[in-house]
Amino acid sequence: MTVEKSVVFKAEGEHFTDQKGNTIVGSGSGGTTKYFRIPAMCTTSKGTIVVFADARHNTASDQSFIDTAAARSTDGGKTWNKKIAIYNDRVNSKLSRVMDPTCIVANIQGRETILVMVGKWNNNDKTWGAYRDKAPDTDWDLVLYKSTDDGVTFSKVETNIHDIVTKNGTISAMLGGVGSGLQLNDGKLVFPVQMVRTKNITTVLNTSFIYSTDGITWSLPSGYCEGFGSENNIIEFNASLVNNIRNSGLRRSFETKDFGKTWTEFPPMDKKVDNRNHGVQGSTITIPSGNKLVAAHSSAQNKNNDYTRSDISLYAHNLYSGEVKLIDDFYPKVGNASGAGYSCLSYRKNVDKETLYVVYEANGSIEFQDLSRHLPVIKSYN
């Protein structure tokens, strides 16, 4: 039984414990965690829903004391078991942070695995674009955790991600695209990534992806999707990878037919959805419809044209004709300017059930909705 709507993480309503079992004292009422941001979600083959988010214990700020919280539901989003899945280093009580999760659920060598990737800092007190002197920045890291027990426990994966960024020589820091990655038809794992380039590179922010066959050894393509940056999602379509990117105003979309060496505009999705001033993260996935694919997308309409990022909505993209349809304004509210508008979609077709879920920011909380009722309309848009 799936609930239509529920609160996953409640602002000033959650208590967590640290690695030693001690209560983490936040600045929220009664010592609770103050604010939650940046939701990511995946649905497993068992129908389990796993949601990740920044647990911003003391303030909504990006530069603050942050852990990665995880919530797990086995009853379709009705109830949630919550904990900290990834702890920061506890080096700086004000600035140590792991943040901006991106997740994948995939079959890796015969075992269903959840991967979640987060950025890590300890001392930087400004936005990451302010640190472009070194490649990579010495305070930055990008870490990966996994679960092989349906989201019950998580452990760190020792990867070469930091090494490939160091070897590149032009990247100061790199983050996941935020939200979800994917497993390609050939089995490769793909995380969308956004990166800050060093000062000698004209464009500060670029996007791309990293890929792996085993979740341990990762590679970075030789090219970049340049000129547009910040949060992005990757989908697979007609032997290409398509990049959907946050932009101030109309969202941008580019495709690569040579696995990340070169990128060209992708007209069916490029400049189709307007997030207005400042832009906002969005979530883009594909849903099968017969022998075709439809892209489902969620992001804020941002009717006030500011950081309140109102009206988080669901869209369907016809990837062949380029038409786009607004399906549902599922959060028709004005957000909190301290942090608002982010969302993540998850589609799953299991033996007995087909689901479409969304999680999103709601005034410092993370909420869940079941959008499966829209699947017939979305699938007709092919």
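Note that Cβ sites are derived from N, Cα and C of the backbone, with glycine treated the same way.
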**Report entry** Cysteine of Cys42, Cys225 paired with Cys103 via disulfide, per Swiss-Prot
**Finding:** Cys42
Report summary line: Candidates Cys42, Cys103, Tyr342, Glu361 (recorded positions); nearest Cα to Arg246 (substrate binding site) turns out to be Tyr342
**Report entry** Tertiary contacts of the repeat 'BNR 1' (71-82) (same chain, 6+ residues out, Cβ under 8 Å)
**Finding:** 1-3, 6, 8-9, 14, 16, 46-51, 53, 150-152, 357, 366, 368, 370
Requested in this report: State, in Å as a whole number, the widest CA to CA span among the substrate-binding residues Arg37, Arg246, Arg309 given in the record.
Outcome: 17
Query raised in the report: List, by number or range, the same-chain residues at least 6 past the repeat 'BNR 4' (254-265) whose CB is under 8 A from its CB atoms?
Result: 208-209, 211, 221-226, 228, 237, 239-243, 245
Requested in this report: Measuring CB to CB from Glu361 (active site), give everything in the same chain under 8 Å that is also at least six residues away in sequence.
Outcome: Phe36, Arg37, Ile38, Pro39, Ile312, Gly335, Asn336, Gly339, Ala340, Gly341, Tyr342, Ser343
